[in-house]
Amino acid sequence: AQEPLSVGLAIGVAWALTSYLSHPRFYCSYVECCPSAERRLNATALQVQLDSKLFGQHLAKAVVLKAAQGYSSNRSPKKPLTLSLHGWAGTGKNFLSQILAEHIHGAGLRSKFVHLFLPTLHFPHHDKVKLYKDQLQSWIRGNVSACPHSVFIFDEMDKMHPGLIDAIKPFLDYYEQVDGVSYRKAIFIFLSNAGGDLINQAALDFWLSGKQREEIQLKDLEPLLSVGVFNNKNSGLWHSSLIARNLIDYFVPFLPLEQKHVRMCVRAEMQARGYLVDEQMVQAVLEEMTFFPREQKLFSDKGCKTVQAKLDIHEDA
């Protein structure tokens, strides 16, 4: 028979060990946990990463940094943070949303609290829109219930069936709770090529008038974007209640990239692969890119989207 002292000691040790292993700080070092309300976004680290990796987008960086800081510091937001990113392909919309997601949840797109939706993959059939609306509401409700700080990214919004995105309108509105769930600490991000032509024309007009692109302000583009996207049948937000009810906090314009910005992208990609920057190779890649308008050849028509593929070819050579 065991002595009472030994049994008590064993029980005490077992209890202490169990308490330690189940403590959130220890447990969450091995298993991803939803951030606590006390955790704050490191705005300085976010700014450093944006400055070093996102080129030619002074507006997008400033707006998203401001929005993220406000989201992180506000303990009692009135609604979830909702951003709509617009611009041509290759200008950095996906890149910025990934960086932001990584600063909310360290695993970024691999996090179980970050959810990426692709219309062509998740909502492919036009005749099933009603089913998709129900599934989307159920999916968002379940994930926000599990983690109030969930991030939802809707890519290729211009391929979204009209009216489908309005299914999430109750979650973006100024309600304290919807069916017992609060969505106020979540983040919703929409990515779209829609409005890119409006942004490009505005950037060209600034250049033709002799102004620097850095002089372009959000007020010069945001009203054009909100109206243009609302009236664009291919925007995914056509006549959307999200715009009509002013539930999108920021329409974020991504400007067309100039040759100097594409050059920065090539250099950054070479450094990311562990290479010394070879300016001859940088120039070779740049010369294979196409630019518009035809006369000025000012802006890249694919942004930095094809830089990786073109660099692969030159690597092989």
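Note: Cβ is positioned from N, Cα and C throughout, glycine not excepted.
As given in TrEMBL:
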- G87, W88, A89, G90, T91, G92, K93, N94: ATP binding site (BINDING)
- 257-312: domain 'Torsin-1A C-terminal' (DOMAIN)
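Spatially close to W88 (ATP binding site) yet at least six residues away along the chain are N193, G196, I199, N200, F254, P256, D301, K302, G303, judged by Cβ distances under 8 angstroms. The Cβ of K93 (ATP binding site) has 27 neighbouring Cβ atoms from other residues within 10 Å, across all protein chains displayed. In the structure shown, across all protein chains, T91 is the one of the binding-site residues T91, N94 with the greatest number of other Cβ atoms within 10 Å. Within 10 Å of the C-beta atom of A89 (ATP binding site) sit 15 other C-beta atoms, taking all shown protein chains into account. Listed in sequence order, L54, F55, G56, Q57, A60, F254, G303, C304 are the same-chain residues at least 6 apart in sequence whose CB falls under 8 Å from the CB of G92 (ATP binding site). The binding-site residues considered are G87, G90; of these, G90 has the fewest other C-beta atoms within 10 angstroms of its C-beta. Per DSSP, the secondary structure of the domain 'Torsin-1A C-terminal' (257-312) breaks down as 29 helix, 5 strand, 22 coil. Listed in sequence order, the residues F95, N193, F254, G303, K305 complete the 8 Å Cβ shell around the ATP site centroid, once G87, W88, A89, G90, T91, G92, K93, N94 themselves are left out. Over the domain 'Torsin-1A C-terminal' (257-312), the average per-residue pLDDT in this prediction is 93.
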